[in-house]
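Pulled from Swiss-Prot:
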{"type": "TRANSMEM", "residues": "4-24", "note": "transmembrane segment"}
{"type": "CARBOHYD", "residues": "N32", "note": "N-linked glycosylation site"}
{"type": "TRANSMEM", "residues": "54-74", "note": "transmembrane segment"}
{"type": "TRANSMEM", "residues": "124-144", "note": "transmembrane segment"}
{"type": "TRANSMEM", "residues": "159-179", "note": "transmembrane segment"}
{"type": "TRANSMEM", "residues": "187-207", "note": "transmembrane segment"}
{"type": "TRANSMEM", "residues": "223-243", "note": "transmembrane segment"}
{"type": "REGION", "residues": "285-305", "note": "region 'Disordered'"}
Amino acid sequence: MGDFIGHISPGLFLVFYGLYQAVIVSRAVIFNDSLLYPSYLSKNKGKWARLWKIAHAGWLKVVIGSLLIVYEISCVKEGLTLMTKGVPPRFMYPKEWQHLTMFFLLTLDGCVEMVSKNVLRQRCVLLERGATVLGVYVLLLLLVSHVKESSGVELQVHSLLILVVFLLMLVLTAELWAPEMFHLWMIETFLILIMGSWLIQAAFILFRPVSGFPWEDDDISDIMFVTTFFCWHVMINALCMLGIYGVSSFWHRCYSPSLRPMGSKEALYQESSSGTFYKLLQEAEQQDKDDQAPLLSKISPCDRA
């Protein structure tokens, strides 16, 4: 799958997945809501309630992973075999088998998420995050061995990708102990966006250069500009996340003014409810006293005795 489609397809998936997660994280930060158990899922009681509770990200991972597996197998015209029939036997298509391993782990991650959210009686967050961490660990190992035969521009492109995957591995490992920390989720989303956009950029650098001329491995300027482009991707994705947060905040404040940050919403509701009840109780007691005052004034002292 070392072609244009093989790089741009996973890149597009990661970009759209990162944008989706950026919206989810922005909403959770704005309303101080839970990232793993958002309140809008429990409050949705309509006919679409079950649809909202479906593991959309899990289904997406399964579908994309399966399609990439089919595409990888179809790219080998002679048939994807593991070893030659000669003596001694030799392994065949090492990079293709590495790609299949990556896509299989992506599909497995989606299946685990679906089972945890929609099959098990009680959701197991540790199982979900563990499957994701396993996939990223294996991805890092495969990428390190994937660039053994690379050099020049291709080596620089994949080295920067390995750097992003390594940082993502550290963040996901930390999330095993702090699954609800907003900062870790924001960094994770940021790294996923960088990983996706850089894969798209890599597809054009390695296979379809915009200039129409291939990049030169012996030209130090080309290698330096690979790093420059990567830094631009970092800045653009940071601005993208900031823009998503700003638009989400503006939308919820202007078009949903009745909504409040979820962290203090229940407290405000209880406080207002108890305060209103206490005020009504005082008014009722005062009205009873006012009604009883004329009756007491009509009773003579003899009657009282």
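The backbone N, Cα and C atoms fix where each Cβ goes, and this holds for glycine too.
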The residue listed as 'N-linked glycosylation site', number of other Cβ atoms within 10 Å = 13
Under an 8 Å Cβ to Cβ limit, what residues of the same chain, 6 or more beyond the ends of the transmembrane segment (187-207), are close to it?
-> 3-4, 7-8, 10-19, 21-22, 25, 153-154, 157-158, 160-161, 164-165, 167-168, 171-172, 175, 215, 226, 229-230, 233-234, 236-238, 240-241
Contacting positions for the transmembrane segment (4-24) when only residues 6+ beyond its ends and CB under 8 Å are counted | 35, 38, 57, 60, 64, 67-68, 71-72, 75, 99, 185, 188-189, 192-193, 195-200, 202-203, 206-208, 240-241, 244-245, 248
Could you find out if DSSP has the residue listed as 'N-linked glycosylation site' as helix, strand or coil?
-> coil
